[in-house]
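Structure first, commentary second.
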Amino acid sequence: LFDGVYPFYPQQRKAAVFDISTIIVIVVFLTLACSFLLIIPGIRGRARLYWTLRVLLSLFVGVVIVVVQFTGDWETGWVQANTSYKSFSPVQVNADIGLHIGLAGLNVTLRGNPVNQINETINYNEHFPWNFGADYDRSYSQGLEKGLPSPILYVAEKFSTQSPCAVHRQYRIAGHYASAMLWVAFCTWVISNILFSMPVLVYGGYMLLVTGAFMIFSLLSFSTVRNSSMCLIQIGTKALHVAYGGSFWLMLAIGLLCFVVGITIVAMHHLNLDLLKTFFDLREDKAEEYQEMPEVFVNPHFVNKGL
């Protein structure tokens with residue numbers, strides 16, 4: 001020990017609060033939303049309500065598609081147990097151990113009950129990436145060198161390439177294809193917004209259906225990891241089980257929302273086109289639509305001259 005602290009940690013580790021990439025994405029979309037709210041007073045009548053509903057709903061769909069790429073709660077699990085804190089030490093602590101699985105890696109959380117035990121602050125949140133270009137085993141080896149608490153290393157070892165559980169490859173490939181599907185969904189979302197700003201609303205509805213379809217495909221891709229049996233994660237006398245988390249269910253809800261909105265737009269195009277154009281502020285007067293003039297004024301002076 002060095003002044004009561006393990007030599008691998010000259011300072012106490014601090015738990016991560018929020019992912020920086022997620023914060024950046026949310027700030028960008030909030031900036032777009034605030035910019036629109038500044039110009040919304042210039043829109044007259046009921047069109048103001050329609051514009052607000054369309055823009056905010058569209059931005060919400062877009063921010064969800066991008067944010068879930070960086071979240072770590074596609075699958076989550078928690079367990080509270082008495083467990084050893086450090087290797088080669090009989091000292092046990094009471095702690096909450098959490099496992100948070102995302103598309104690009106996993107986070108293992110260790111939080112003491114209470115947080116201050118054995119003269120230490122037990123509050124960790126360690127990330128182990130497995131996306132393409134990242135080396136999961138190297139991150140795990142670095143955790144060993146740092147001297148991370150035993151529960152974190154034990155859970156992280158279950159997902160390493162050398163683990164008998166053999167789930168690393170399934171999670172890595174499933175996360176990669178789910179992420180690719182979501183980026184395609186983001187592109188189709190952009191195209192749908194472009195089409196909605198033009199007098200081709202039905203094609204915007206079709207593209208919104210395609211957006212929802214790719215969201216569902218991403219969920220199906222990630223759910224393929226359930227086809228492989230998961231090793232039992234035993235923490236003390238209790239087992240840590242994982243289930244679909246908030247990001248998974250949020251993506252399912254947004255995908256179904258895109259289907260509902262897309263089907264509604266396509267149905268209104270065939271049943272009540274005028275109402276659909278009114279909602280999208282694209283309704284034209286009949287005279288302008290048929291290129292007709294409602295009234296013609298003739299100067300009698302030119303008529304008398306035969307002009």
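Here the Cβ of each residue, glycine as well, is placed from N, Cα and C on the backbone.
The transmembrane segment feature in TrEMBL is assigned to 20-39, 51-71, 91-110, 177-196, 202-222, 242-268.
Below 8 angstroms of C-beta separation, residues 15-16, 68-85, 117-118, 122-131, 134, 136, 149, 151-152, 155-156, 159, 171, 175-176, 178-179, 222, 233, 235-236, 240, 242, 245, 247 of the same chain, each at least six residues beyond the ends of the transmembrane segment (91-110), sit close to that stretch. Stretch with the largest number of CB pairs closer than 8 A to the transmembrane segment (242-268), among 20-39, 51-71, 177-196: 51-71.
The transmembrane segment (177-196) and the transmembrane segment (20-39) are not in contact, since fewer than 3 Cβ pairs between them lie under 8 Å (pairs 6 or more apart in sequence). Outside the transmembrane segment (202-222), and at least 6 residues removed from its termini, the chain residues within Cβ reach (under 8 Å) are 61, 65, 74, 103, 174-175, 177-179, 181-182, 184-185, 188-189, 191-193, 195-196, 248, 251-252, 254-259, 261-266, 269.
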